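Chemist: Okay, here's the structure, questions in a sec.
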Amino acid sequence: MPDSYFQSAHHHELTEEETRVERARTRRAQSLVNAVRPSLAGMGVGSAGSPPGTTGGSKGVPGTSEGGETHPDMSAIRRAKSMNARMSSPSPIPIEETRTKSGSGTGDTTPLDVDRGGSASPLTPGPEEHDHTDTREGTSSSTSPVRDDEGHVLVVDWEGADDPENPKNWPFRRKWGATLVVSSFTFVSPLASSMIAPAVPRLGAELGIDSKTVQALCVSVFILGYALGPLFIGPLSELFGRAVVLQCANLFFLAWNTGCGFAQSESQLLAFRFLAGIGGSAPLSIGGGVLGDIWKPEQRGQAISIYSLAPLLGPVLGPIMGAWIAQRTTWRWVFWSTSLFDVMIQMIGFFYLQETYAPVLLDRKAQQIRRKYVNGSGEKGAPRVVRTVYDSGEERTWVSIFRKALTRPFMIFAREPIIQVLGVFMAFIYGVLYLFLTTIPTIFEGLYGQEPGIAGLHYLALGVGLTGGSQINARALDRLYKHLKEKNGGVQKPEYRLPPMIPASIMLPIGLFIAGWTAQYQTHWIAPDIGLALIGAGVILTFQSIQTYVIDTFTLHAASALAAVSCLRSLAGFGFPLIAPTMFDRLGYGVGGSILAGVAIVLGCPTPWLLWKYGERIRESSRYAKRS
């Protein structure tokens, strides 16, 4: 560590940022000197009146002049270096002062390297030297890490911007492996949600379910599990890690989905479906957080496009597959075949899906350091307290941790206008999607007189719109983001994810008008399919834009933010299919589709423009987005 590190300030005019960094340098240098003062005193170095390294200023403080500038005794500096080298072996821990960048709106946490003179020191100053933000709780208060009498606090962070252990620095093959596993989980769960729909008549006949509402409930109760599961699963992933919670939840889904195939009564089937939905909600709430952990903002557009397509394409393909399975075997194999497919994905996930959540990874690293240096270590100068850059430093009980983590989705929804607006809009489009998933058989079997197998093929129209829109968006999303970033002088903003919502806000109402009125007048079957394709394209463009915007805005708390959005979305997916038969029976497909189109215009058209204009201002006043 060169001696220039301990200079108090440059003698030229400094910017505010440079001044802040220089002050941090000075305080840290003073802390290092103070740390070795007892050893120096024991060696008889200096005197009470004028210790070496002082110029007659502050008594008893080595290296302090009358003017307040720091000129530390070089012997103390050498002893500090020696102690640092001894503690750093065999692998030094980079200690960095961190701050949260809120002005750029990127939501990325950027480390400011205070130790610019040489190798990083494992001995860091006490609470007055650092101003860490408690990013876990979304507060703006400075943290006060616990420390021992000598002030030995070790702050664990990534070892530089290129640390290979940082998931954002993983090789692309490893990133895409995790992305495809998560996307596969996100595909199989929604596939199971709608796959039973064509087999409901046979299921009802065997289990004695005569009510049309209860039969519809057998399908939609799975989505009710989607609404409740993320409220617990999302925050738990931020406590214990994404990978372990995701895979445990998938095993939970696997067990209850298999149990549905053995159900012998209406109550058993409804209970098993609900529990399977809770486990199946994990990929929807955690998956976005995984992608936010491993992909940088300018790279994650294509990954999000694939991930976002999966939960929308699954419900479309599910009824097609379920119809043929139920026709050739039994409705029970609809559940068992899904479970077999999920087992294969789970086996792949055990090998290719590893932990991605930075606070959990750094906490594991801190635990290793505690065992090595702290627990039972009698080495003089060893750190007494080890924490990560994400920790506030205060002692917390498991009760407080669970309370804060499990209530965070509710707090985010209650306090964040962004989540409130986007949550309501996503709930509407998701409800519309599931409304037509349950209405397509009624339209083409009832109005067009087609056989169930042929009628089920019209789900492909939705699939074409979803897939086509996703592929176009996958290519355009990252390119558009990079273009807008370069146009803004290299400053990135989450609002650069919003432009695809503009054409989507036009496609969705047009598709609803076409599908409703052409079905009402029973025109050629291709006309309603065109409307369904436009609906699918509008849904996927909106869905992907909202997903990426939420992840970019609430990076650290992305899982909790997505959990809040998913709760509303899933409640709509549960309720819309139940009201669809009554609405279309009383109003007809034309008027009913027109009402839905009107709501889509009211919610969809102003939303991207309002967020584009006011989104940054809202984020600046946010407790969670600003600190992410």
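Quick reminder: no glycine exception, Cβ is built from N, Cα and C everywhere.
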Chemist: Match it up for me: which of 394-414, 457-477 does TrEMBL list as transmembrane segment?
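Modeler: It is 457-477 that TrEMBL describes as transmembrane segment.
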Chemist: Within the domain 'Major facilitator superfamily (MFS) profile' (178-616), what mean pLDDT does the predicted structure show?
Modeler: 86
Chemist: With Cβ distances under 8 Å as the criterion, find the stretch in 213-232, 239-258, 270-292, 418-437, 591-612 that has the most pairs with the transmembrane segment (333-353).
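Modeler: Selected stretch: 239-258, with the most Cβ pairs under 8 Å.
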Chemist: Could you check whether the transmembrane segment (498-519) packs against the transmembrane segment (270-292) - three or more CB pairs closer than 8 Å, residues at least 6 apart in sequence?
Modeler: no
Chemist: Thinking of Cβ pairs under 8 Å, which stretch from 176-201, 239-258, 304-327, 418-437 has the most of them with the transmembrane segment (591-612)?
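Modeler: When the Cβ pairs under 8 Å are tallied, 418-437 comes out ahead.
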